[in-house]
Every structure is written in C-alpha cells, then in structure tokens.
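All remarks here apply to the structure that follows.
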Amino acid sequence: MYRLMDTGGNSLPSGADGTKRKVCYFYDPEVGNYYYGQGHPMKPHRMRMTHALLSQYGLLQNMHVLKPNPAREKDLCRFHADDYVSFLRRISPETQQDQMRQLKRFNVGEDCPVFDGLYNFCQTYAGGSIGGAVKLNHGHCDIAINWAGGLHHAKKCEASGFCYVNDIVLAILELLKTHEYVLISMWYVVLMQRVLYVDIDIHHGDGVEEAFYITDRVMTVSFHKFGDYFPGTGDIRDFGFGKGKYYALNVPLDDGIDDESYQSLFKPIISKVMEVFRPGAVVLQCGADSLSGDRLGCFNLSVKGHAECVRFMRSFNVPLLLLGGGGYTIRNVARCWCYETGVALGVEVDDQMPRHEYIEYYGPDYNLHVAPSNMENKNCRDMLEEIRAELLMNLSRLQHAPSVQFQERPPNTELPEVEEDEENKEERQHPDSNTNIDYRRNHAPSRVKVEYVESVANDKNDEGVDQLARKIQSTLEPTSSKGSMAAAEEDAMQRDELEKENSRTLIDEPTKIDQH
C-alpha cells in the first residue's frame, strides 16, 4: 500500500537514513467518542477515521504505537491557572446551569461547549502531546505524532476557538527541560534548549504566541488567514517583546492561497529560522483547515501541498513533534493526516484508498488526494514578496542563538532512572483491551504492539519546568482578551527595571533537573 519516498531537503542524509525515522504515534481509541454537540464543527471522530486509514494502509506496523496516560492536574497547571483547571474538572452538562458566572468567566459556552467527558478529553489530548515531548527528550524517537493535539487557541485562564487546554504550550514546556552543558576548563557554557513552534492551521496560533511572547527560548511562526477572521490577531507587526523581540513571526495571508504561493513563503522563511534560531526541537501544528474545501476555511492547499511543510521540517533532522489542530471537513482531515504520517515515516502511500469501515466517507472516487478548487488566489506576487522581505529582515536582526552564557560548573548528576514505560512495558500490555482488539481486526499483516506511556517524565524534573512556566506566565493577565498582549508588554517593561539588577534570570540560569 506504500513505497519508500524519495525525499530531499536541507541536511537530509543520503541512503537509508534519508528516508527512515523512528516514529512514535500516540492514539487513544476512546478519543473519537467525545462529542461537542449537534451542529458543532469540531468532531473528534476525525481521529478515529485517521487511525482507521493508518491501519489499513499498513502504517501502524512501522511506528511505535502508544496509548498516552492522561495528563495530570499538576501537568495542566504548569501553564493553566489552578482555578480554571479545577473548573474544567468539575463542570458537566448536568451542573452547568448552576455555574453561569464561571462559564462566562472562563469563556465556556457556545464555541467551547460543556459536553460529557470534557475534562477527560482534555487530559487525553494533552497527555499525548506531553508524552510525545517526553519521548523526544529521551531520544526514544525522532518524530512523535499526536493528531488529537494541536489545540492552539486555549489561554491560561480561558477556553477559546474550540480549545480548552493548550497542549502545545505544555509540550513545549516539557521540551524546554532539556539542557546541553559544554565543559570548558573550570567553566562551562550552558546552551539552553530552544524550541521552534510552526503553525500551518488557517487560524493564527494566538494562544501559543501569547504564552511565549517575551522569551527568546521559543520562537513562534504562524502562517494564517489575516483580516476579518478569527481570532483577529497575527499582524506581521506583532513580532515579540523584550527578550522575545523578533522571536514571534506572523505570516498574514489572504483567501485562496495555493501550494506554490504558500511554499514561496514557507521554505525561505523556515530555512532562515532554522539557520538563525537553531532549535533543539520543533513542534509543527498541522491544522488541516488550511486545506481546500474546508468547512470553515478559505485557503486552497492540496493534501500534498500541506504535507510539503511536514516534509520540509522533517528534512532538518531535528526532533519533531507533529500535532493536529483545526480541520472541519473531516474526510479531508483524515486524508491529510494519514498522508502526513506517511511523510513522517518516509513512505508514499497509494492514492487509491483501501476498503475499511469508513470507506463511504470518501466516495465516489475513494482517493486519498483531492484536487484544489478553482477559487481566486488573492495573494498576489508583490504582496508575497513584500511579506517575505519584511520577515527575512526581522530574522536578520537575530545574529546569534539566544540564551547562551557562561556559568560555574554544576555538580555531577546521577544517570536518570529507566523510564517506567520501558522497564515495565510487558506488565502494561493489555491483550484484552479495546485498543488491541481494534488493531487485530484492522491491521494486516502483523499485530501492532501498543504500549502505555507516562504523560510526563520523572517528577524530579517538575521543579525546573515549573520555575520556567512561572517565569513565562508571570507577564500574562489572569484572563485573556484582545488587550492581553499590550498588558503583557506593559508588565514586561516594569520587569525590565528589576531584571537589570540581576545578572541572571530564571530563564537564563540552569535549573536543577535531570539531564536526559
């Protein structure tokens, strides 16, 4: 059902290593059961459709398939406010009428409704993203995939745009735990882990950008529809503040952009970002609402054009976390994420779709790829060149990788303990579980082994990442609004005076965490 893919790109080695990557794939068979409500465009059922395609194309046997442990309350509170997480845990369709004030406060209602199992749903998709970050941190895979994640609009204290918990921010905080120490005589250079976040959803990745707007340890790059369109943020002139100045890039696009126009921006901008920022890990949000024909979208990308972004990010050979996101014509979402899983694995899947339980969704042609429409591309060449030139100019102002400084040599640390999911993997196999039943029924020719993975690493790491999260989040308002960025900037200016008195900040100084 597939063949090895002829891949090219920057830094991609030739030979077998040019196509093969060790891939971890996170999937909970229950995730497709959650239901936002009648008429709501967000349908978790698309994850089950995607998984069914992966199974029938034979892709599961080439990946390490993992069922994530649910994110714990303390994990969610690394970014989100305690009272907001507590509210999500308590609220239910039966009790919501008694909490109207809280619903309004946390922006839970029409776009972000209360439904059965809401908190468990948040735990599930966040657990997959955090678990993927843990696997990457430990070097257990080159690429981690969680198509249930990528909910980029959620804020510290409120839901937004169908998103309740920002699994992306939580995963990035996990990735930021990893430090690299280079000993030089009695001193050493500490190179703080840097994470690049790239967003190809049609909507601006506002929740992630806001969380890291004033730090140079995370660069956010968002390609999105800009104008009279949700969430209304993401102007090209919004490029970060304080230490984070020029570490936020926004690529505002208009209706009808096609594959060629999109890649004329994506590749030169990302190439420059990788050259200047030199991230230790990349998080790519693959929202499929930028595809042609999306129920809520207005772009004109093909599945192959969308997947070219995945292929290009993969070519840099940097640990890569692939997440889902938007996508509201669900048959096309499943097509896209199936094909992009093949790209991650370095295989080209056939266009003719195999028969499976959801085959009726793809009629009458039953093909994986769908031709773009003939809609007008309102992104003229001059506009694209102007955007590209301005963003490359901003990137040219970043001459060195950030957060590099000399420190006293730290004491030797003990080797980290063996991961629980590796040490006790046989004890945690569930041969009678629904997960394995599903794989045995759908997957040919061999049975796929499913493991359960801890959503976070050893708790010894918690103190370090908590300090980092508090530092980043101390500049955000308790509740998000259109003015939250301005509030963050004003707060940051006041903090600058205090920081001048200190030679080191929490973000810059090494934290007492395990090295992976």
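The backbone N, Cα and C atoms fix where each Cβ goes, glycine too.
Just so you know, TrEMBL annotations are computer predictions that nobody has curated.
Keep in mind that what you see is a predicted model, and the values were worked out from it rather than measured.
Taken verbatim from TrEMBL:
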DOMAIN    40-341  domain 'Histone deacetylase'
BINDING   Asp111, Gly161, Tyr328  substrate binding site
ACT_SITE  His153  active site, proton acceptor
BINDING   Asp201, His203, Asp289  divalent metal cation binding site
REGION    402-444  region 'Disordered'
REGION    458-516  region 'Disordered'
COMPBIAS  472-483  compositional bias 'Polar residues'
COMPBIAS  492-516  compositional bias 'Basic and acidic residues'
Sparsest-packed of the listed binding-site residues (Asp111, Asp201, Asp289) - C-beta count within 10 angstroms: Asp111
Listed binding-site residues among Asp111, Gly161, Asp201, His203, Asp289, Tyr328 whose Cα sits within 10 Å of the residue listed as 'active site, proton acceptor': Gly161, His203
Rounded to the nearest Å - Cα separation of Tyr328 (substrate binding site) and Asp201 (divalent metal cation binding site): 12
Cβ-centroid neighbours of substrate site Asp111, Gly161, Tyr328, 8 Å, sequence order: Pro41, Met42, His153, Phe162, Cys163, Phe230, Leu296, Gly326
Check: same-chain CB within 8 A of divalent metal cation site center, minus Asp201, His203, Asp289: Ile202, His224, Gly287, Ser290, Leu296, Gly297, Gly325, Gly326, Gly327
Gly161 (substrate binding site) versus binding-site residues Asp201, His203, Asp289 - nearest by Cα: His203
Number of other Cβ atoms within 10 Å of the Cβ of Tyr328 (substrate binding site) across all protein chains: 19
Cβ packing number for Gly161 (substrate binding site), 10 Å threshold: 21
Local confidence of the prediction over the domain 'Histone deacetylase' (40-341), expressed as mean pLDDT: 95
Local Cβ density at His153 (active site, proton acceptor) - other Cβ atoms counted within 10 Å: 28
